[in-house]
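Peer 1: There's a structure below that I have some questions on.
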Amino acid sequence: MKAMETQRNCRTLSLKEIILCTLVLGIIGIIKCEDNMWVTVYYGVPVWREADTTLFCASDAKAQNPEVHNVWASQACVSTNPNPEEIELTNVTEYFNAWENNMVEQMHEDIVNLWDQSVKPCVKLIPLCVTLNCSLFKCIKENGNTTNCTVQISTGNDSTANNITVGTIDMYNCSFNATTELRDRKKQVYSLFYRQDLEPLEGNKPPEGDKNALYRLYNCNTTAMTQACSKVSLEPIPIHYCAPAGFALLKCNDKNFTGIGQCKNVSTVHCTHGIRPVVSTQFLLNGTLEEKVTVLDRNVSNDMDTIIVKLNETVRLNCTRTGNNTIKGIPIGPSQIFYGIETVIGDTRQAFCQLNKTVWTNTFKKVRHALNETYKGYLGNETITFGPSTGGDLEVTNLHLICGGEFFYCNTSILFNTSIIFNETKDDNITIPCRIRQIVRLWQRVGRGIFLPPIRGTINCISNITGILFAQQKTDRMNKSAMFTPVGGEMRNNWRSELYKYKVVRIEPLGVAPTKAKRRTVHREKRAAVGLGALFLGFLGAAGSTMGAASLTLTVQARQLLSGIVQQQSNLLRAIEAQQHLLQLSVWGIKQLQARVLAVERYLKDQQLLGLWGCSGKLICTTSVPWNTTWTNKSYDDIWYNMTWMQWDKEVSNYTDVIYNLLEKAQTQQENNEKELLELDKWASLWNWFDITSWLWYIKIFIIIVGGLIGLRIVFALLSIVNRVRQGYSPLSFQTLIPARRDRDRPEEIEEGGGEPDNVRSIRLVSGFLALAWNDLRDLCLFLYHRLRDLLLIVLRTLELVGQTLLKGLRRGREALIHLRGILQYWGQELKTSAISLLDTTAIAVAEGTDRIIEIAQRFGRGILNIPRRIRQGLERALL
C-alpha cells in the first residue's frame, strides 16, 4: 500500500515541473563550479633560463690554407651561416654579467688548444741548457764594415725625416759544446743570440769589447723549453661561437651597457659575431668598436680589477722589423737540430711600431673623458693621470704582440705620457721601440717556454687598436690624483671584451598554466607527431608578449623548436664528410658530439614528459588536475592578460615538480580507467558471450558462486544455531520438520486417520545439494529484489519531496516577488502622489509669495510716483 501510494504521489509531478527542477539543479552546479581552474600543459612557450653548456664554433676557414688558424678552424669548426638572423625581443629585460660568463672560459680553453696545436713543439732544448761562452757581436754593414748594432728609426715624411736613436741592440756570438750524432762525442759550435734571450751566470759581467762572458739561455732553470717545428705566422681569423639546439644566445644592445646590470634592448642570435683570437697585452687588437668609448669595470672601488676600455674608432698600429739574417741548423743530438742565427746583415733587430699622433691624441682624450665620467662618483674631484706599466713580466710591462711570426715587446710608456702626447710638434707619427725575443714565456700555462726559430727578411704587420686594458693604481690622496696604467697578461679579458654582450640560456618549451578547460572524456585517438622545421630563433620572438597572445602562436613556435637540431646535425655531417681525413676525436670532436647528444636528449626528455601526461603531439593539452590556489594568488585575468611567460615561469617555478607529479598520477589513473573501459568492450556483442575462450572463466565464476553460496549457507546455519542456543533450544538436526499452518477452507482428517488437533502441518526441509542451492539462490534474489524495490521507492519519494520542496520554494519566491512588486508599486504611487502634492504646494506658495512681492513693489512704486502730486497738493493748500 505504501508503494502504491508513493507511485501515485510521484505521478503528481508534471513533466514541466521535473524539467524546471533539473534546470535549477544544473544552474546551481554551474554556479558552484564556474570558479574552478585546471592545469593545462603548453608546449612551445617562450621561456628560458640561464645555463652553461658546450658551445661550438663556426668559421670560414679554408682547409687548403696552411696557416695554423685555418688548419685548426677547418678541423674544429663548422661553416658559418650565410644568412644570420637576429630577432629583437620587445618588452624584455635581462640581467647580464660579463665577469661571470662561462662563454669566456670556453673561449679561453679553445684558444689554449689552438696555441697548443699551432706552436707544436718538436725539439726539446734541454741540451742547450749549457754554459755559453759569449762575446759582443758586430753588425755587418753593406760595405762589409762592422760596428755596434744601433737601431735608428726614421720618422716624419721624406722632406723632414728625423732619425731617432732608440738604443743599441746587443747581439752576442756564443759558442758551446753540442752532442753530435754519436752521443759519446761532442763538438764546439756557435750561434748568435740576443741579449734578451740570455742571462749571465753568477759572478759574470756583460762582455766589453772583445772580452767573453759566461751565459745560459733565459728561463733554462725555471721552465721546460721546446723549439717549435717551424715558424708560424699566427694570423687569427674570425671565429663565431654558436649555441647548440635547445639553447640560445641573448645579446644586449644597450648603448650604455658597461658589462653588469639590466639590459632593456635584448635580442636573440644563434651565433656571436666573428671574434679574432688576438693574443696581446695592454692593447686590444683587431676587435669590434662601440658607438662611443665604453668602460667595462667589475667594481670601481676595487684597485685589483682590470679595466677594459672599448674605443669607438680604430688607431692604426704599423709594426716593422727590417734587415736580413742568415739561419743555420746546429745539430745538438741525434735527430735534433737547433735553428740559430749564423750572421746578421744590416740592423736585423730594427723593430718598431708607429701610429698617427693626431688620431691617438683624440682617442686618448676620449678615453680620459670616459674614465672621468665612470669614476667621478668614486674619485670625486681627484684628477685622473696616466703612467707606464708599474712592473712585472716583460709581457705585462710591454705591449706584447705577434707580428709576422715574431714576438714583439714594445715600450708604450711614450703613449701614456701626456706631456709628450699633447705637445704640438711637427711629427705626424708616434714611434715606439720594440724588442724581439725568441725565447718566449707562453701565456696559456705557467712554467712553459718555447724557442721560435728566426725568420729571414723584413717583417711588417698592421693592426687596429680597438681597446685598452688599464689597472687603477692606489689613489694619491695628497696630490688628489688617481693613476691608470696599462696592463695585460690575463687573456680572458681579451675575450671578455668581445663576449660581454652575450649570455647563454636554455630554452624551456614546456609550460603549465591554469585554465577553465578540463579533460572530460577518456577516448583513444590517433596521435601524429608535430612537424618541426624552419629556424629556431623565432621561437623566442613572442617572449615579451602576454601569455594569452603568445599562446596563439604555439604552433609556429613548436615547429621552430627542433630545427636547430636538424640544421646543426646537417652542418656537422657536411663538415665531417668534407674533412673526414682531418677530423679526429679530439677535444673539439668530443665537444661537438656532446652538443649534438645533449640537444637530442633534451628534446626526447620533453617528448617523454608529454607522453607521460597524455599530451603527445599536442600543443595545448587540458588535464583533469585541479589548479591549487596556493601555487599563486594571481587571478585568471592577471595571468593571461598582464603577465608574460617569463614572469609566469618565475611565479610558479617552485611548484613545477609538484605539478609534474600530479599530471603523471592523473594520466596513470586515466590510463587505468581507459584499460578497464576497453576490457568491457568484449561484452558488447552477444556472440562473444559464447566464445570458447571464456568457458574457463565461466567455470571459475560458477565455482566461486557455488562456494560462496555454500559458505553463506554454513554461516547462516551457524548463526541460527547460535541464536537458538541463546534462546535455550537447539534443534536435533537440520532436517527437523517445521509446522506449517493449514488453510482455513481445507477440511480436517477423519478420526480413523488420526485427526489433527488444529490447522497446522509439518513440511520437511529441502534435501539435496541442487535443491539447497536453488532455494538459497531464490531466497537471495527475492531478498535483493525487495531491498532494491524499497530503495527505488525511497529514492522516488525523496525526489518527490525534493521536487515539492523546490516547487514550494519557487511558489513562495514568486509570491514574494509579486508581493514585493505590489509594495514597490504602492510606495511608488505614494511617492509620486507626495511629490506631486509637494510640487503643487510649492508652486502655490511661490505664486502667492510672488503676488505679494509684486503688490508691495507696486505700492512702493505708486508711492514714489505720487510724491510730486502730494507736494503739488500741499502747495496748493498752502497758497489757498
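Numbering starts at 1 and runs along the chain as displayed.
Glycine too: its Cβ is placed from the backbone N, Cα and C atoms.
Owing to the predicted nature of the structure, the values given are computational and were not obtained by experimental measurement.
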Peer 1: Among 251-284, 285-318, 319-352, where does Swiss-Prot put the label region 'V3'?
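Peer 2: It is 319-352 that Swiss-Prot describes as region 'V3'.
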Peer 1: Pick from 405-408, 465-468, 581-584, 729-732: which range does Swiss-Prot record as motif 'YXXL motif'?
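Peer 2: That would be 729-732, the stretch labelled motif 'YXXL motif' in Swiss-Prot.
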Peer 1: Under Swiss-Prot, which of the candidate ranges 41-62, 679-700, 767-788 is annotated region 'MPER'?
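Peer 2: Here Swiss-Prot associates region 'MPER' with the stretch 679-700.
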Peer 1: Pull out the disulfide-bonded residues from the set CYS57, CYS174, CYS410, CYS461 whose C-alpha sits within 10 Å of the C-alpha of CYS271 (disulfide bond).
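Peer 2: Matched disulfide-bonded residues: CYS57, sequence order.
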Peer 1: Cβ atoms within 10 Å, counted per site: which of CYS271, CYS403 has the most, among these disulfide-bonded residues?
Peer 2: CYS403
Peer 1: Anything within 10 Å of CYS353 (disulfide bond)? Look among the disulfide-bonded residues CYS57, CYS174, CYS242, CYS410, CYS434, comparing CA atoms, and list what you find.
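Peer 2: Neighbours among disulfide-bonded residues, in sequence order: CYS410, CYS434.
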Peer 1: What average pLDDT is reported by the model for the topological domain 'Cytoplasmic' (723-880)?
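Peer 2: Computed over the topological domain 'Cytoplasmic' (723-880), the mean pLDDT is 77 on the 0 to 100 scale.
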Peer 1: Going along the chain, which residues six or more apart from CYS252 (disulfide bond) have their CB under 8 A from its CB?
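Peer 2: In sequence order, GLU94, PHE96, CYS263, ASN265, VAL266, LYS501, TYR502 meet the Cβ cut-off.
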Peer 1: Which disulfide-bonded residues are spatial neighbours of CYS461 (disulfide bond) here, meaning Cα within 10 Å, out of CYS57, CYS319, CYS410, CYS434, CYS621?
Peer 2: CYS319
Peer 1: Which has the fewest other Cβ atoms within 10 Å: CYS434, CYS615, the disulfide-bonded residues listed?
Peer 2: CYS615
Peer 1: By Cβ count within 10 Å, point out the most packed of the disulfide-bonded residues listed: CYS129, CYS242.
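Peer 2: Of CYS129, CYS242, the one with the most crowded Cβ is CYS242.
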